[in-house]
Amino acid sequence: MEFTIKTATPEKVRTGVLVVGLFADGILPPAAHAVDKASKGKLAQLVKRGDLDEKAGAAVMLHDLAGIAAERVLVVSLGKSAEFSDKAYRDALNSVAKALASGVAKVAAVAIADAELDGRTLAWRLQQATRQIADGAYRFDAPKAGAKDAKKERGARKITLLIGDKVSDELEAAVRRGQAVAEGMALAKDLGNLPGNVCTPAYLADTAEALGKQFKFDVEVLERADMEKLGMGSLLSVAKGSHIPPKFIVMHYKGGKSKAKPVVLVGKGITFDTGGISLKPGAEMDEMKYDMCGAASVLGTFKAIARMALPLNVVGIVPATENMPGGNATRPGDVVTSMSGQTIEILNTDAEGRLILCDALTYAERFKPACVIDIATLTGACVVALGKIPSGLLANDDDLAAELLKRGTESGDRAWQLPLWDEYQDLLKSNFADMANIGGRYGGTITAACFLARFTKAYKWAHLDIAGTAWVSGDAKGATGRPVPLLAEFLVGRAAAKAD
């Protein structure tokens, strides 16, 4: 999908479909006002007659509108003007994205970013529009026969974003950012949606190496023998049950100054999670292919920042393995030694994400990071606590947590902070090791993060639990690409702060 910005009067633009937004109470933003005037009040009539629902995102398609050069005009409700918010704007954009993805026209002009929104610049509105329209065009048909031919036939190919202001470098950069984030989300979705027999640890490693080759950044892939030499006994305890070899992937994006400390992203890469000997129930176990969505988000974020040529140093770490039962699998009650030297009693082999992450977090120390963020589909408890709207956030540094919360709000990929209090650490006590890998029935998201916190004392660290946000179930089953928007926005903000 190709995006361009153009300063133009919307009623004179020749295109397959022209998109304008208006408020349910009859207030018309500039583009809608111009179309209404040229069509002799047709848009105002829609509102007056109640033909357009008040809810943001409701839409009506008008064909061959007199006085308008476009073949069709898609009129999208922005909701009530007094209630116009980030959510209302995004709801409207989702409606636009669905319409354009349906194949209503191959060429479209979108004039919806002219609606003023408190605290949001035109650049922000254009970036959101680009990202959501591009993301809305995503389809995953890879395993289906005829998928390539079907993909060619669907959706708008060229989108012109119409504005009343002069096109500037800032606005063009905003559109490029939106495209880059959408590309990163698409990669994360593709990896998440692939079945476990395809998206193996080796597949993730190959994907990382292909990205490195495309964007010219370094990639290292450590094998089982390398992990053994490093003393990654915790990670390797998870890999024991599978005949598929684990991989430890390290990506080095060097966009900043040579001596600048990097941001380190660590993504959980369990390519299929049966639970191991602590076997999961069979129902919906197919969705455990999504247990590598943390890894997918790191790879997707790397694609986004590389596409943006972000002036920042970033290291990506992906510990990747399956968690399978087998004759050589780890047993409940086994004690292993992590790379940090701390010992762990494994009371539940289905609490394996923290076991691979802890060694990756110890490995991250060697980079002397500015901060470390790990991303993991870690606990079902997070879904119980927060549902499927925000990701869970826990951190050992309040400023880092606040920064992530802010970037989540800006990107629409929000998180909610949970406590990381010392009192929870007592729940991880073990009679036979330095710690247990589970903390009991209550506060599971917090105790999982408390476990990880024991391996992050050397740096500022935040943990994103994306168990509720990485994918959706039901008829629309599929990976969401989250939290690529949050991570990308965070890194853009970090790069901007260094430039100031």
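Glycine too: its Cβ is placed from the backbone N, Cα and C atoms.
For the Mn(2+) 2 site, Swiss-Prot lists K268, D273, D291; matching the candidates E209, E220, E345, E352 against that entry yields E352. Nearest neighbour of R354 (active site) by Cα distance, taken over the recorded positions K268, D273, K280, D291: K268. Of all the binding-site residues listed (D273, D291, D350, E352), D350 has the fewest other CB atoms within 10 A of its CB. In the three-state DSSP classification, D291 (Mn(2+) 2 binding site) falls within a helix. If you measure from the Cα atom of D350 (Mn(2+) 1 binding site) to that of K280 (active site), you get 8 Å. In this structure, the CA atom of K268 (Mn(2+) 2 binding site) is 19 Å away from the CA atom of K280 (active site).
Spacing of D291 (Mn(2+) 2 binding site) relative to K280 (active site) is 13 Å (Cα to Cα, whole number).
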